[in-house]
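Listed in TrEMBL:
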type: DISULFID; residues: Cys72-Cys80; note: disulfide bond
type: BINDING; residues: Tyr148, Arg462; note: chloride binding site
type: ACT_SITE; residues: Glu268; note: active site, nucleophile
type: DISULFID; residues: Cys478-Cys491; note: disulfide bond
Amino acid sequence: MVTSEAGYMKVWREFAGNATQYDLSGIDRTDLMAVFMLLRHAGPAALSDSQLSELSTAITNLETKFATPRVCDFYDSSKCDLQLYRDIRVKLAASTDRDELKHYWLAWRGAVGRDAAPHYQKYVNLLNIAAKSKDPDSDGSALLLYPYRHGNVGSIVSLLEELWEEHISPVYEQLHSYARLRLRQRYGVDAVPEEGPIPAHLFGSLEADDWSALEPLLRPFDNASSVDFHRQCNSRNIDVGRLKREAGSCYSDLGLIEPSTTELAMSELDVADTNSGSVLFLPRVLDGCHTESRTSLAVYPTNTTLSDYVELIELFATMQRFRERYYSLAADNIGFPYKDRIGYNDYGLELAIGGARALSAISPEGLRQKLSFQLPDTSEQAALNFRMAEALKLLPRLAASMAAVRWQSEVLSGSVPLDQYNNKWWELKREYQGVSPPESRGTEQFDALADGTLTLPNYHIRRLIGGIVMFSVHKHHCTMYGDSAKPLSECAIFDDTKLGESIKSVLVSGNSKPFKDQLLAVTGERDLSAAALVERMQPLTEWVMAYNEEDYKGAPTREGQAAQHA
C-alpha cells in the first residue's frame, strides 16, 4: 500500500518508466497512443527521490498550516479554540455584524498564512524542476495542466477565460451589482462603496465564493409560494438515511451500481463527530431536514431554519457529495484502471455528470418521485427565488475559481516572485470577483492558503468545468432521454438504463479518449459551452437587470468596466 505522497509519486514514476519501454511506432490506434502518452508523462514524479521527499514535506507543511490554526472568539477573547469547519464558517454565514465578520476573516488568515508562503515557493520550485527535466521550455503550470493538453484542449486556462469573459461574467456582474445595492442597505454606505470592489468579508463565506448566507437579503420575492420543505420532511419522516438511499438510487436506478451496494456505500458517509476540526464539510441538510437541531459542522448555525430555497440548494450539494462515493464504486465495478480514473477526474466531467443527476433530483418531478413531496403549482416568483438561491451558490464559486486558476497558472510558472504572491492574489480577486480585503494586506501575508485548496492543483479547473458543464449535461440528457413535452426545469430522469449505459461508457473509457471526445459523449458537443448555464439563469438575469436599471454600477472587475456600465 502506498502510504505517503512521495510513495505515490514513486509508483507513478514506475508507471511512466514502464510505458517508455514500449515501441509505439507500430500503434495505429489513437486511443491506445493517447493512453501510452499519458502514462509516459511522469508529472512531479520525474523528480529524484530526495526531491520527491522535499515536495512531500512542502505539501505536508502547507496542509498542516491550514489544518491546525485556532482563533479567538469575537465576543470572548479568552476563548481561543475556534476551528474553521466547526466554528468560523458558521459565524461568517450567521453574523450580520460587520465588525464580527471582519474579525473572523482577518483572524483566520492571520493564523493560516503566517510563514506559509516559503513552503509554497518550495512547492513551485520543485514543480518547475520536474517540468524542465522533460522539456526545458516547460514550467510547473504546464506540468500540472498536461491532462488537458493531452486531451487536445489546448490552453484550458485561456478557454475558461474566454467562456468567463463572453458568457458568465456579464451575468455575474449583474448579480454583483444587485448584491452591492442590498449590502449598502444592510451595512451602510460607509461600509460598501458605491462602485469598485466590495469588502469580501460581507458575503458570509471564507472566500466570498458562496453567497448563500445572503439569500434572505437578496431573495426577489418574500411572499412567493414554496415547497414548505420542513413540514414535508416532518410529515414523511425524511432523515439522513432516507436522503442517502435516494441519492444512491439516482445511480443504482440507472444500472451503474447494484442496489444491494447502496446501504454499504452510504454507511461510509455518516456525518463526522462535531468535535472534529479536520473533516470535510458536508451540507447542513445531512443533519436531517425534519429536525430543528443542526450539526455544528454546518455552514449555518444550530437551531435555525433555512429558507426552502437554500435547503434545496443544500440538498443539491448533498447529492453531489454522495456522488463521490458512487463514482468510486462504479469505477471499481466496471474495472477501469486507477491511473485512468485519476486522469478522468482531472477533467472535471464527473463533477458535471454528478451535477446533472442532482439537478434531476431537486427538480419538482424529482422531489415528487424521490421524496414524495406534494408541491404547489410553481409560480414565476417562486421559480425566480429558487434561481436566485442557485445563482448565489454557483456564480460566486465560478468567479473565485477563475481568480484561483489564474493565480495558480501565473505563480506555478515561476513568473511571480515570493514577495508578490499576496499582491497577485488580490489583484485577481478584484479582477474576477470584484472583492477586496477589509483592510490593506501586506506582502508578508499569504491569503491564498485560506481555503486549503492550494495543494490540489487542478481543483479549481475541475470546479469550473463541473459547474459550467453540468447544465449542458443535464440538457443533453433531457433531450436524449427525457420527456420533450416538459420544460427543462421540470426534467427528471430516473430508471433509464440507456442513460446509465451512456454514462458508463464515459467512465469506462476514462483517459483513453481525449477530453473533447468525452465532452461530446456527455453533452453532445465537442467544445466547452456556457450556453446552457446562461439559459438557466436567463429569467433571473432579466429580473436583476431590471432591478439594477435605475442604479447600476457594474462590478469594475476589469479596468474601464465601471465607466462602460455607468
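Any Cβ shown, glycine's included, is placed from N, Cα and C.
DSSP assigns Tyr148 (chloride binding site) to a helix. Of all Cβ atoms in the protein chains displayed, 23 besides its own lie within 10 Å of the Cβ of Cys491 (disulfide bond). Under 8 Å, Cβ to Cβ, and six or more positions away along its own chain, Cys72 (disulfide bond) finds Ser78, Lys79, Cys80, Leu82, Ala107. Considering other CB atoms within 10 Å as the measure, the emptiest surroundings among the disulfide-bonded residues Cys80, Cys478 are those of Cys80. Its Cβ placed at the centre, Arg462 (chloride binding site) has 19 other Cβ atoms within 10 Å. Just so you know, the Cβ of Tyr148 (chloride binding site) picks up 22 other Cβ atoms within 10 Å once every protein chain is counted. In this structure, the C-alpha atom of Tyr148 (chloride binding site) lies 27 angstrom from that of Cys478 (disulfide bond). Put simply, Cys478 (disulfide bond) is 23 Å from Arg462 (chloride binding site) when counted between their Cα atoms. The secondary structure of Cys478 (disulfide bond), as reduced to three states from DSSP, is helical. Taken residue by residue with DSSP, Cys491 (disulfide bond) is part of neither helix nor strand, so it is coil.
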